[in-house]
Amino acid sequence: MDLSRSAAWSALVSHRQEVEQLHMRDMFMSDHDRFKHFSIRWNGLLLDYSKNRINSRTMGLLVELARQANLIEARDGMFAGEKINFTENRAVLHTALRRQPGYTLNVDGLDVPAEVDSVLRQMKAFTDKVVGGEWKGYTGKRITDVVNIGIGGSDLGPCMVTEALRPFADGAIAVHFVSNIDGTHVSEVLKRVDAETTLFVIASKTFTTQETLTNSMTAREWFLSRAIDPAHIALHFAAVSTNRTKVVEFGIDPENMFRFWDWVGGRYSLWSAIGLSIALYLGFEAFQELLRGARAMDEHFQEAPLEENIPVILALLGVWYNNFFDVPSHAVIPYDQYLHRLPAYLQQLDMESNGKRVDRLGNTVEYPTGPIIWGEPGTNSQHAFFQLLHQGTGFIPADFILPLKTQNPIGEHHDILVANCFAQTEALMRGKSASEASEELAAAGVDEETMQMLVAHKVFPGNRPTNTLLLDEINPFTLGSLIAMYEHKVFVQGVIWQVNSFDQWGVELGKQLAKAILPELQSQKESDAHDASTNALINSYRSYREGQKVG
C-alpha cells in the first residue's frame with residue numbers, strides 16, 4: 001500500500017493547511033502547559049518537543065499514520081529476527097548485541113545469544129590483557145596506542161564514541177583512527193605512534209574493503225620496516241572480520257580475530273566486535289555500560305505507547321516536516337564538545353539508511369524520504385550557520401542536545417553554554433517582530449531614517465522548530481541510550497516511507513567505476529572510454545604525473 005494515499009496521510013495534508021498560519025509564539029501564550037503536554041522524561045533524559053509546529057491533533061494524526069504503516073508489527077518483526085533486510089535476505093539484529101542474556105533466538109540455525117556471548121567473552125579477555133599490561137609487544141613493552149583501521153560504520157561509530165567518552169578513559173591507552181584512502185590520513189597517524197607499543201585493529205567484515213586493506217598493508221609495511229620479523233605481526237595486529245583465510249594470510253593470529261555476522265549492518269555495528277577499539281580505550285566495563293544504555297532504550301522503544309515513545313515522536317516530527325512542509329534538511333547541534341563527531345555519525349546512520357528512492361516493492365516513491373543530516377557543536381555553529389536558521393528563506397528543524405553536567409567545570413563556561421542553548425531554541429521559536437525591532441532601535445537612539453532602513457533586517461520570523469534533548473550527563477550508559485534512540489528513529493521513518501533502511505546499494509556504483517578508472521590513471525595510453533568530462537579529468541591527472549601543470 002502506498003502510504004501517501006492512505007487516510008492518515010490525506011488527513012495530515014489537510015491539517016497542514018490548518019496549522020500553516022499558526023505561530024508557536026501564540027501557541028505558548030494560549031497554553032501555559034504546552035511544555036507539559038509536549039515533553040517526555042525518561043531515565044535521565046528529557047525530550048522537549050513543545051517548540052514544534054504542532055498541536056495535539058497533529059500528534060494524533062501522526063501516530064495514526066504510524067499505525068496505518070504497521071509500525072508495531074514491523075518493530076516486533078525486527079526484534080524477533082525476521083529478515084526485514086529483504087534485498088540481502090538478512091535479519092536485522094544489532095539489538096541482539098545488547099540484549100539481556102537468557103533469551104532464545106535462532107537465525108538460520110545459529111544460536112544468536114550464544115554467538116553474541118562468545119564474542120563478548122573473547123573481547124573481554126583480550127581487552128583485559130591489553131589494558132592490564134599483560135599483552136606485550138615484540139620488545140616486551142606494553143601497548144600504549146591502538147590504531148583502528150576501518151571505514152564507514154567500522155570507523156564512524158567507534159570514533160564518535162571514543163571522542164564522546166574521552167573523560168572516562170584512564171589515559172593508559174591512546175586510540176587513533178584511520179579511514180580515508182588518502183595517504184595523508186595513515187601517514188599522519190603513523191607519525192604519532194611507536195611500532196613497539198602499538199596495536200592495530202583492522203575492522204573489515206570481508207577483509208577485502210579497498211580503503212581498509214590498502215591502509216592496513218601500509219601499516220603492515222611500516223611495522224615490518226621496524227620490527228623486521230613477520231612473526232611479530234601476531235603481537236601487534238588484531239582483526240574484526242568474518243574472513244579467517246584472509247586474516248591468517250595477513251599474518252594475524254586467528255585467536256585474535258573477532259567475528260560478527262551478516263545480521264549486523266556496518267552503521268549499526270559499534271555494539272559488536274567493531275567496538276573493540278572502544279573497549280580497549282575505555283575498558284570493557286564501560287563498553288558493557290554502553291550496551292546497557294542502548295538496551296534500556298530498546299526496551300523503551302518496545303514497551304512505551306507510541307504517543308509516549310521517544311524515538312517514535314522524533315521520527316514522526318521528522319516525517320511531518322519532510323513530507324508535509326517539504327523540508328529536506330535536519331540539523332543536529334550538540335552543546336557538548338565531546339559530541340563533536342555525533343553529527344557525522346548520524347549522517348551515515350540516517351542518510352545511508354533512508355536515502356532511498358524506491359519502496360519495498362521496487363516502485364519509485366512519490367514523496368521525499370531521507371533528509372540531509374548535518375550539524376556542528378554549539379556555540380561554534382551559532383557563529384557559522386545560525387544566520388540561515390534564523391533568517392533564511394525556509395526553516396530547518398534542529399535537535400539541540402545538552403548534558404546538564406559538564407566534565408570540565410571551569411568558571412562560568414558551562415552556564416554560558418547552557419544559556420546559549422536555551423536562548424537559541426527560544427529565539428528560533430519566538431523570533432522578533434518589526435515592532436519589537438523598531439522599539440529596540442529607538443531605545444538605542446537610532447534616528448527615524450536609519451530605523452526605517454534597518455528594521456526589515458532586524459526582523460526574525462521565528463516559528464522555526466527545534467527539539468531539545470537534555471541529559472543528566474554524557475556517560476557510557478546515556479550515550480548508549482542516545483545512539484539507540486536515533487537508530488530507532490531512523491527505523492520508524494523507514495517503515496513509514498516503506499523503504500529498506502538496512503541495505504546500501506547506493507555506495508556500489510562509484511566503487512565499481514573507480515576500479516575501472518584506477519588502471520587508466522596508471523596507463524601510458526590516453527583515456528577515451530568515458531564521457532568527455534571524465535576522460536579529460538583522467539588525462540589531466542596523467543599529464544600532471546608526467547610533469548604538466550593543470551592550468
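Any Cβ shown, glycine's included, is placed from N, Cα and C.
What Swiss-Prot records for GLU352 is active site, proton donor. GLU352 (active site, proton donor) falls within a helix when secondary structure is assigned with DSSP. All chains included, 22 other C-beta atoms sit within 10 angstroms of the C-beta of GLU352 (active site, proton donor).
Within the same chain, no residue at least 6 positions away from HIS383 (active site) has a Cβ under 8 Å from its Cβ. Annotation comment: Swiss-Prot describes HIS383 (among others) as active site, evidence class sequence analysis.
The feature active site is assigned by Swiss-Prot to LYS511 (among others), with sequence analysis given as support. In the three-state DSSP reading, LYS511 (active site) counts as helix.
Cα-Cα distance from LYS511 (active site) to GLU352 (active site, proton donor): 15 Å (rounded to the nearest whole number). Counting every protein chain shown, 11 other Cβ atoms lie within 10 Å of the Cβ of LYS511 (active site).
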